[in-house]
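Visitor: Sharing the record's features from TrEMBL:
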- 24-41: transmembrane segment (TRANSMEM)
- 99-121: transmembrane segment (TRANSMEM)
- 127-149: transmembrane segment (TRANSMEM)
- 185-206: transmembrane segment (TRANSMEM)
- 218-238: transmembrane segment (TRANSMEM)
- 271-291: transmembrane segment (TRANSMEM)
- 303-321: transmembrane segment (TRANSMEM)
- 341-360: transmembrane segment (TRANSMEM)
- 380-398: transmembrane segment (TRANSMEM)
- 411-469: domain 'DUF6798' (DOMAIN)
Amino acid sequence: MDQPQRELPSSRQPNQPWWTRRQRGWTIVLLFAGFIAYSFVRTPIPAVNEPHYLTKAKHVWNPAWGHGDLFLESSNPHFVFYSTVGSLTQWFSLEQTAVISRVAALLLLAVGLESLLSVLLTGIRPVLATAALYLGMMAVGNLAGEWIIGGVEGKVFAYGFAFWAAGLAARGCLLRPAALLGFAVSFHPVVGIWCLLATLAGVWVPRFLRGDHARIDSLPKIAAAAVLFGVCAAPGLYPALQTLGGAPAEIAAQADRIQVFSRLKHHLDPAVFSLRAYACYAAMLIVWIAFRKRAAISAGGDFLNWYLMASVLFAVGGLVARFGFPLLGIQSASLLKFYPFRLFDVLMPLAVAVLAVRLFQQWADGFSELPQKQRAAYGMAYLVCGAAFAYTLLVMPVDRSPTRFHPLVLADWQASCRWASEHAPDDARVLTPSYSWGFKWYGQRAEYVNYKDCPQDASSLLEWQRRYDLLRTWEESRLAGTMSREIVNQFEDRELIDFVIARTNDETDLPVVYRGQYFSVFDVRGQ
């Protein structure tokens, strides 16, 4: 038998008691502290994507920095992120910029998650318990490689704005969620639009099922919300649309295939997702469907259910596109490039964490006449949640060191990059190994090509693929890693490089301007 749902907190009660405001404030502070610990312990600066996004942001504000780098001079689909966070690089180093922007993004995420969870749960402890379980599940794994806490990039801000908007929308707000969702789209158009669609589903599907349709007199307010959303979304949406357009259809289709089935297949191609991940997410979805009503999450539970179901629909659409479109002669990459699995990847563990906390509360409340057993039950819950959070800080992810280098090799790699930063001309272009990572972060110079730094506009992406294939072929043709004038001159784009960083080799007829134990820098100008 279903339990009665508690009344949904209303957005039309702005004068909340001081103790409620204080409680919510402390919840945000504690969530923020947990996110900071999770981020800085599990992902030291620079995180795997921070060199990619923050060097681009620096270049947007200082185009002379990294001049000649293919990626840096390509399109700017995350223009708002580059424009806001990039401004910090005018006064701070990349490391300092990463710290400041991580703190800002995680504070916003704490505000956003508190806004959403406080609709579903009452009190500090259930919200913190849910967050601890959620962090623990994120640390174990995911379906399509999506994450929200780690390094800083546009999507972290976007999820913060989107969760904040979701919490307000579930309370009945209209204008504030519209603005916040617009900001989410501006910081990350793909994340923002998926979250917009899910929020609309969370609000309108329950109303439709209840027969609670919008009244005519609310249409002006809906129109105002649409305009407000458009104004807030436009700064980021317009550059993203520019990135999508402009290329001939065949060029765009070829670029889509490279992005979906090669460079980003671990995010975009469901054919390569692990069976274990499929099984885990299917099990979580079954658990949610089976126990959601029993948990009596509150009136906000209907919002969360359809918010989640929308993400399920997006993911199913991705599966249909991948495995069904080819049977009809339709290219699936044109849809898959929009990351249809990412929101489901994020929301499913969050929904299960909320469900687990509510089911536990119901079980523990059954001991209300046995206070000792009830205290023991809650004590056990604190231990489980504490263990989940401790797990995130003690068990490190495999990409904590993105290069996967031994510490001695990593130190030598960084030293070779620093040589470029200190001695190479500002306009120098450097050919780095195909497995290099973070050269522009440490070396502060343009790079011929880098696997991680893949442009997003079609023409630049095809040029990136050409250069990367050329580099790989050239590396494979070198005998035992040797380096000589003849070998350098065999490189097809020889005129585009000034220095080469390669494995140290004792015999070479090239000027060696830096020699480390594992890496050396070769000056190939005029050779």
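Yeah, the Cβs are placed from backbone N, Cα and C, and that goes for glycine too.
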Visitor: How many of the residues that make up the domain 'DUF6798' (411-469) does DSSP mark as helix, as strand and as coil?
Guide: 30 helix, 5 strand, 24 coil
Visitor: Does the transmembrane segment (380-398) make contact with the transmembrane segment (99-121) through 3 or more Cβ pairs under 8 Å, each pair 6 or more apart in sequence?
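Guide: Stretch pair does not touch.
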Visitor: Restricting to the same chain and to residues at least six past its boundaries, which positions have a Cβ under 8 Å from a Cβ of the transmembrane segment (185-206)?
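Guide: Apart from its flanks, the transmembrane segment (185-206) reaches 77-78, 80-81, 153-155, 157-159, 161-162, 165-166, 169-170, 177, 229, 232-237, 240, 302-311, 314, 338-340, 342-343, 347.
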Visitor: Along the domain 'DUF6798' (411-469), what average pLDDT does this model show?
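Guide: On average, pLDDT over the domain 'DUF6798' (411-469) sits at 95.
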Visitor: Cβ under 8 Å, sequence separation of at least 6 from the ends of the transmembrane segment (99-121): give me the contacting residues as numbers and ranges.
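Guide: Residues packing against the transmembrane segment (99-121) from afar: 8-9, 24, 27-29, 31-32, 35-36, 39-40, 45, 54, 85, 88, 92, 127, 130-131, 148-149, 151-152, 156-157, 159-168, 170-171, 297-298, 300-301, 303-304, 354, 357-358.
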Visitor: Output the single range from 24-41, 271-291, 341-360 maximising the number of Cβ pairs under 8 Å to the transmembrane segment (127-149).
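Guide: Against the transmembrane segment (127-149), the leading stretch is 341-360.
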Visitor: What parts of the chain pack near the transmembrane segment (271-291), using Cβ distances under 8 Å and only residues at least 6 beyond its ends?
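Guide: For the transmembrane segment (271-291), the far contacts come to 141-144, 265, 308, 312, 322-323, 341, 344-345, 348-349, 351-352, 355, 359.
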